[in-house]
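Notes to accompany the following structure.
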Amino acid sequence: MSPGAHRTPWQRLAAGRASRRLVLVVVFVALLLDNMLLTVVVPIIPTFLYTTEYEGANSSVVPAWTEPAPPALKVPPFSSVFSSFDNTTLPISGSISPTELEHGTGSSRPPQPPASSPPQPSGCPEGQEFLANENVRVGLLFASKALVQLLVNPAVGVLTNRIGYHIPMFIGFIIMFISTVMFAFAGSYTLLFIARALQGVGSSFSSVAGLGMLASVYTDDLERGNAMGIALGGLALGVLIGAPFGSVMYEFVGKSSPFLVLAFLALLDGALQLCILQPSRISPESTRGTSLVTLLRDPFILVAAGALCFSNMGVAMLEPTLPIWMMRTMCSPKWQLGMAFLPASISYLIGTNLFGLLATRMGRWLCSLIGMAVVGISLLCVPLATNIYGLIVPNAGLGFAIGMVDSSMMPTMGHLVDLRHTSVYGNVYAIADVAFCMGFAIGPATGGAIVRAVGFPWLMIIIGVINIAYAPLCWYLRNPPAKEEKMAILGQDCPVQTQSYIAQKTLRHFPLTDDSDVEAENVE
């Protein structure tokens with residue numbers, strides 16, 4: 001009988017905590033749930049606000065738009081319909097209701113419904129002016145998560161250097177659970193805004209601590225790239241499941257149902273973290289990491305961060321604006337608003353897993369350059385679609401290309417720190433997450449305003465051209481020079497040198513180790 005058969009549960013738990021694969025599982029699940037919550041609201045929020053704020057105040061308008069109106073505006077044809085909504089404007093005939101005039105919907109159509117109802121196909125929402133204004137409000141709500149995460153990330157990066165990665169990971173789980181429950185029961189724009197902002201705090205703790213933990217346990221550059229690709233696969237799977245899952249559950253079960261399911265899954269994630277990690281143990285980094293200011297002065301890190309920012313900004317602009325554009329131009333039902341993102345999510349999942357290894361062989365800089373160019377081309381093709389099927393190819397190309405950029409630049413950030421700075425990863429992945437959040441903060445916040453000013457097609461042209469113009473900058477990451485004091489670790493085939501070199505550098509100032517280390521330094 002094998003020795004492992006006699007292990008007690010505590011011994012197996014201790015062995016599991018020493019396993020790098022289980023750490024990868026924890027990070028994978030955390031990113032999965034974070035991004036499911038990120039995207040599950042995309043098809044829900046626009047239609048929920050429309051239903052509660054516009055239809056709730058204009059309930060008498062809905063039947064007049066969903067059924068052809070008679071030539072003469074008389075009371076009898078409308079009385080039975082109005083009574084089902086128990087509307088107090090029942091006795092009024094031959095004119096638009098005061099509620100319509102108050103909300104500005106009366107100006108969008110003539111006094112007689114027959115003149116304005118034919119241009120609206122059956123199933124199309126009325127209130128075009130309300131939908132146009134909703135672009136800005138929904139964009140700000142979506143951007144609040146990224147804006148808060150943008151502010152919290154630097155503090156989390158410093159915190160992980162001081163107390164380790166385990167406690168911040170668990171704090172992220174607690175905050176994410178609270179945010180999910182708030183989404184389930186929020187009934188107003190203000191509460192939804194608070195829940196979205198709170199999600200940004202939890203996401204900051206989970207993503208910075210999770211990616212830093214992976215970089216610290218996978219020291220080999222090739223293994224790290226593969227691990228990052230798998231972890232980003234969790235992110236992709238969350239994006240893949242979130243929007244379709246939210247739209248279907250909202251359509252057939254109700255608003256609270258998808259969030260309650262996510263809250264239950266978050267509890268399972270917390271139990272997994274308690275078993276695998278040790279969130280009560282403080283384990284600061286043994287080496288002082290490079291400061292955020294120093295890292296931000298590194299032009300190569302800035303180029304990599306810019307690639308992450310602008311490539312993700314495209315899909316960030318699509319999240320609040322594409323569902324409303326589909327409602328206005330395609331008359332799409334609720335379930336299609338989430339399904340439109342399905343091709344992008346599937347292709348992103350394929351791209352991150354495929355290029356986690358392939359990018360190392362073809363060159364991460366080249367993979368990112370091609371990816372940003374394809375992102376721009378795909379965005380330019382989105383406005384050409386006339387129905388949901390026309391969105392399949394451009395959205396699939398967009399997701400695949402973003403997967404190329406993310407799976408290339410995330411490990412590149414860790415490699416640049418190994419090459420040019422101290423190999424402590426909390427701060428550099430805080431910068432990576434800041435770049436990611438800037439895309440998801442600037443994108444939705446400005447996207448709604450741009451759509452209202454110049455229209456959805458011009459928004460896609462602007463962000464598409466920006467991505468194509470930025471792509472050539474990735475060439476500068478082709479062969480980044482190492483700092484003079486880190487020339488000994490240029491060989492990627494000997495990743496252990498990164499760790500041993502730091503110890504040797506410390507030996508010169510604090511000679512408190514074995515003589516063999518000093519001899520190894522002299523040999524080099």
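First residue shown is number 1, and so on along the chain.
Each Cβ is built from the backbone N, Cα and C atoms, and glycine gets one as well.
Whatever TrEMBL says is automated annotation, not expert-curated.
Per TrEMBL, transmembrane segment is recorded for 21-45 (among others).
Averaged over the domain 'Major facilitator superfamily (MFS) profile' (72-482), the predicted model has a pLDDT of 79. TrEMBL lists 72-482 with the feature domain 'Major facilitator superfamily (MFS) profile'.
Sequence annotations record features per position, and here TrEMBL assigns region 'Disordered' to 96-127.
According to TrEMBL, the feature compositional bias 'Pro residues' maps to 110-122.
The annotation transmembrane segment is assigned in TrEMBL to 138-159 (among others).
Look at TrEMBL and you will find 171-195 (among others) tagged as transmembrane segment.
Annotation source TrEMBL lists transmembrane segment at 201-218 (among others). Within the chain carrying the transmembrane segment (201-218), a Cβ under 8 angstroms from the stretch's Cβ atoms is held by residues 20, 23-24, 26-27, 30-31, 34, 38, 145, 148-149, 152-153, 156-157, 160, 165-166, 168-169, 171-176, 178-179, 224, 227-228, 231, 410, 414, 425-426, 429-430, 432-433, 436, all 6 or more beyond its ends.
Only residues 6 or more beyond the boundaries of the transmembrane segment (230-253), in the same chain, are considered here, and those with a CB under 8 A from a CB of the stretch are 24, 27-44, 47-48, 210-211, 214, 261, 333-342, 344-346, 348-349, 351-353, 356, 399, 403, 406-407, 410. Residues or ranges marked as transmembrane segment by TrEMBL: 230-253 (among others).
The annotation transmembrane segment is assigned in TrEMBL to 259-279 (among others). Taking Cβ pairs closer than 8 Å, the transmembrane segment (259-279) reaches residues 13, 16-17, 22-23, 25-26, 29-30, 33, 36-37, 40, 166-167, 169-170, 173-174, 176-177, 180-181, 183-184, 249 in its own chain, all 6 or more past its ends.
Residues annotated as transmembrane segment in TrEMBL: 300-318 (among others).
Annotation comment: TrEMBL describes 338-358 (among others) as transmembrane segment. Outside the transmembrane segment (338-358), and at least 6 residues removed from its termini, the chain residues within Cβ reach (under 8 Å) are 39, 42-43, 222, 225-226, 228-230, 232-233, 235-237, 239-248, 315, 318-319, 322-323, 326, 332, 367, 371, 388, 391-393, 395-404, 406-408.
What TrEMBL records for 365-385 (among others) is transmembrane segment. Among residues of the same chain six or more beyond the transmembrane segment (365-385), those with a C-beta under 8 A of the stretch's C-beta atoms are 304, 307, 310-311, 314, 318, 322, 351, 355, 358-359, 391, 393-395, 397-398, 400-405, 407-409, 412, 456-457, 460-461, 463-468, 470-472, 474-478.
Residues or ranges marked as transmembrane segment by TrEMBL: 391-412 (among others). Same-chain residues lying 6 or more positions outside the transmembrane segment (391-412) and placing a CB less than 8 Å from one of its CB atoms are 211, 221, 224-225, 228-229, 232, 235-236, 304-305, 307-308, 311-312, 314-315, 318, 322, 340-341, 343-356, 359-360, 364-365, 367-368, 370-375, 377-379, 381-382, 384-385, 432, 477.
Annotation comment: TrEMBL describes 424-443 (among others) as transmembrane segment. Nonlocal intrachain contacts for the transmembrane segment (424-443), taken as residues 6+ away from its ends with a CB within less than 8 angstroms of a stretch CB, comprise 142-143, 145-147, 149-150, 153-154, 156-161, 165, 200, 204, 207-209, 211-212, 215-216, 285, 287-292, 295-296, 301, 304-306, 308-317, 319, 409-410, 413-414, 416-417, 463.
Taken from TrEMBL, the feature transmembrane segment covers 455-477 (among others).
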Folded-back contacts onto the transmembrane segment (171-195), same chain, C-beta under 8 angstroms, at least six residues removed: 30, 33-34, 37, 41, 45, 49, 52-53, 137, 140-141, 144, 201-207, 209, 255-256, 259-260, 262-263, 266-267, 269-270, 273
Non-local residues, at least 6 beyond the ends, that sit with Cβ under 8 Å of the transmembrane segment (138-159): 38, 41-42, 45-46, 49, 168, 189, 192-193, 196-201, 203-205, 208-209, 212, 292, 316, 319-321, 324, 426-427, 429-431, 433-434, 437-449
Close approaches to the transmembrane segment (300-318) from elsewhere in its chain (Cβ under 8 angstroms; 6 or more beyond its ends): 142, 146, 341, 344, 368, 371-372, 375-376, 378-379, 382, 398-399, 401-402, 405-406, 409-410, 412-413, 416, 420, 428, 431-432, 434-436, 438-444, 446-447, 459-460, 463-464, 466-467, 470, 473-474, 476-477, 480
Cβ contacts under 8 Å made by the transmembrane segment (455-477) with residues that lie 6+ beyond its boundaries: 299-300, 303-304, 306-307, 310-311, 313-314, 317, 321, 325, 364-366, 368-370, 372-373, 375-380, 382-383, 412, 443, 447
